[in-house]
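For reference, the structure is listed below as structure tokens.
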Amino acid sequence: MTDPGAHAPLSRRLGLTDAVVVGLGAMLGAGVFVAFGPAAAAAGRLLPVALVLASLVAWANADSTARLAARQPTSGGAYAYGRARLGPAWGALAGWAFLVGKTLSAGAATWAVGTYAWPDQARTVAVATVVVLTGLAAAGVRRGVAVTRAVVALTLLALAVVVVAAVVSGPTDAPGGGDGAAGPGTVLGVLEGAGVLFFAFAGYARVATLGEEVRDPARTLPRAVALALGVVLATYAATAWALVDVLGVTGVAASARPVADAA
């Protein structure tokens, strides 16, 4: 007799590169474009310390996620891990927490898209982005990965332009450029800045949900999480340096669109 709770297994079509791209697509989103402003306002000159702290927390979280994904390669993610290790109630709580968190982060991400793409119609652009991405998700994982590749490439290109511009032009003479007026930073400010920057790393858990869609998940998932997070950390470090070099800490803190202002 068929178990009513069972589901047909998904096709294992994705390799390591695909899984890394999915992870990059989940992390290289709104966070890098909007998080540095409030983080700089909170941490002041200690913005690099806040970034290091956020990356350490993200790495610890990602490593545990990768280990769980390797031991239990299913598509359930946090729900499946909580249910298997702690029981149904904890699994349900983890699943709902994941769903609520991703819903909120999706809202923030699409709002950032609207803010950068068309500030006067940010809400309309955000809603349209949600509709388009929902359609892509419904179209299947292969199409989704193909689009994600393009988005990741464009994002990396945009950030590369900022970094190259910083190298070529050097510090700006515009008001707010340089670090002279920046606050010295405090412990609480660093913690607040790290909390904001951690949002920019959110997304590595998306890789773990591919447990039933990647080949050799026990080997692929941990490597994909580590590679994706490593690329993102290097990208954010270079971007943070470029933003501070061009705008100064006070300029980054005062900007609602620091990446666009620094380009």
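Note: Cβ is positioned from N, Cα and C throughout, glycine not excepted.
TrEMBL labels come from automatic prediction, so no person has curated them.
Since this is a predicted model, take the numbers as computed values, not measurements.
Noted in TrEMBL for the protein shown:
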- 19-243: domain 'Amino acid permease/ SLC12A' (DOMAIN)
- 16-36: transmembrane segment (TRANSMEM)
- 42-62: transmembrane segment (TRANSMEM)
- 93-118: transmembrane segment (TRANSMEM)
- 124-141: transmembrane segment (TRANSMEM)
- 150-169: transmembrane segment (TRANSMEM)
- 181-204: transmembrane segment (TRANSMEM)
- 224-244: transmembrane segment (TRANSMEM)
Ranked first among 16-36, 42-62, 181-204 for CB pairs under 8 angstroms with the transmembrane segment (224-244): 16-36
Top partner of the transmembrane segment (42-62) among 16-36, 93-118, 124-141, 150-169, 181-204 - counted as Cβ pairs under 8 Å: 181-204
Chain residues outside the transmembrane segment (150-169) and at least six past its termini with a C-beta under 8 angstroms from it: 21, 24-25, 28-29, 32, 235, 238-239, 241-243, 245-246, 259, 262-263
